[in-house]
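Participant: Mind looking over this structure? Questions follow.
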Amino acid sequence: MDHSKQQNASITQAQAEEAVRTLLRWAGEDPTREGLLDTPRRVVEAYGDWFSGYREDPHDYLQRTFEEISCYDEMIVLRNITYESHCEHHMAPIIGKVHVGYLPNGKVVGISKLARVVESYARRFQIQEKMTAQIAACIQDTLTPRGVGVVIEGAHACMTTRGIHKRGVSMVTSKMLGTFREDARTRAEFLQFIEVGTNVIDL
């Protein structure tokens, strides 16, 4: 069973909104004042968007492949896929870019499908290292290519707006599978294509 599609049906919209009111009171606010009357509803609706990935199975996006280009066997790279996620430790935003590459083995998908896989995993509570591995594993398991490379750059609000308060800092993680891990030339070609760090991510 794909647990990513499960929702907690026992929690109602009203209960979720009341939880927001509780947090507002805890912060020292009055949720009944005019400016905050609609805030609980808006927050719950925003959460429905931010965490819509739990209602999807990313593997589904990679099921349809292009038969007419199944003979293509050179590297395919999609770079600078922007994403927004949330840190599972502080529920703070993570904003950045994902770069994906693979060496097809008879299965080629539309490039938008790779971006949808990224979105599906990003729209959940995440740790960047875990998300990197999840995207790579999804592509490897579904398309069975000769190799997969995933590199993620992310600026973490839990570091820039609290705690150490360091702006302009970005985190880079990578996951290499198959030929991307075993062949230094393949890995170098991929990294040259994506040019990590050429654009500063600020949060």
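Backbone N, Cα and C atoms are what each Cβ position is placed from, and that goes for glycine too.
Not my notes, these are from Swiss-Prot:
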{"type": "BINDING", "residues": "C87, H90, C158", "note": "Zn(2+) binding site"}
Participant: Compute the centroid of the Cβ atoms of C87, H90, C158, then list the same-chain residues not in that set whose Cβ lies within 8 Å of it, in sequence order, for the Zn(2+) site.
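Facilitator: So the additional residues around the site are H86, E88, H89, M91, A92, I94, H156, A157, M159, R162.
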Participant: For C158 (Zn(2+) binding site), name the DSSP secondary structure in the helix/strand/coil scheme.
Facilitator: helix
Participant: What residues, ordered by sequence, lie under 8 A Cβ-to-Cβ from C87 (Zn(2+) binding site) and sit at least six positions away in the same chain?
Facilitator: P93, I94, F125, Q126, I127, H156, A157, C158
Participant: Near the Cβ of H90 (Zn(2+) binding site), how many other Cβ atoms are there if near means within 10 Å?
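Facilitator: Neighbour count, Cβ to Cβ under the 10 Å cut-off: 14.
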Participant: Please state whether DSSP places C87 (Zn(2+) binding site) in a helix, a strand or coil.
Facilitator: strand
Participant: Near C158 (Zn(2+) binding site), how many other Cβ atoms are within 10 Å of its Cβ?
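Facilitator: Its Cβ has 17 other Cβ atoms within 10 Å.
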